[in-house]
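Input: a single structure, listed below in structure tokens.
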């Protein structure tokens with residue numbers, strides 16, 4: 001017996017593997033710029049015969065240029081972030097959102113829930129001779145509205161209850 005020799009190729013047509021498609025072909029990277037449609041092929045002679053039998057040139061096809069975005073154009077937008085202001089029973093220094101000036105707020109006192117609860121409590125305790133209306137004279141029991149001294153806009157309210 002003879003020793004087995006080197007491997008030999010199988011008989012028949014040899015198949016050479018082809019390379020896979022490129023990334024651009026697979027994903028379509030250039031999909032941002034659509035390719036114009038291919039022109040329709042004309043007759044092989046290059047001349048088209050008209051209704052009167054005379055030869056005419058084939059129509060020419062024009063493609064529109066693809067717009068290229070300007071890489072140098074940068075839009076700059078300034079954003080101002082204003083911190084939320086906490087309103088209490090004292091004036092607040094702030095920038096007015098209406099007139100855009102730096103101001104110290106003016107205060108206005110109004111009867112709120114704490115004022116009415118105090119009045120009702122005093123009435124139940126027996127202060128019916130007008131003493132139950134004392135909370136309407138005490139600023140510490142009323143709600144506080146903050147106004148801009150320039151444009152008189154209401155900026156915020158401090159509610160005690």
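Numbering starts at 1 and runs along the chain as it is shown here.
Backbone N, Cα and C atoms are what each Cβ position is placed from, and that goes for glycine too.
Sequence annotations record features per position, and here Swiss-Prot assigns Zn(2+) binding site to 96, 99, 148, 151 based on similarity to another entry. Cβ environment of residue 99 (Zn(2+) binding site): 148, 150, 151, 153 lie under 8 Å away, each six or more residues apart in the same chain. Taken residue by residue with DSSP, residue 99 (Zn(2+) binding site) is part of neither helix nor strand, so it is coil.
What Swiss-Prot lists as domain 'LITAF' is 76-160, and the listing cites sequence analysis. Confidence annotation: the domain 'LITAF' (76-160) carries a mean pLDDT of 92 in the model.
As annotated by Swiss-Prot, region 'Membrane-binding amphipathic helix' applies to 111-134, with the evidence given as a curator's inference. Long-range contacts of the region 'Membrane-binding amphipathic helix' (111-134) within the same chain: residues 141-143, 159-161, each at least 6 residues beyond the stretch ends and with a Cβ under 8 Å from a Cβ of the stretch.
Residues or ranges marked as motif 'PPxY motif' in Swiss-Prot: 20-23. The helix, strand and coil residue counts that DSSP assigns across the motif 'PPxY motif' (20-23) are 1 helix, 0 strand, 3 coil.
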Rank the binding-site residues 96, 148, 151 by how many other Cβ atoms lie within 10 Å of each Cβ and give me the one with the fewest.
151
DSSP residue counts for the region 'Membrane-binding amphipathic helix' (111-134), split into helix, strand and coil
16 helix, 0 strand, 8 coil
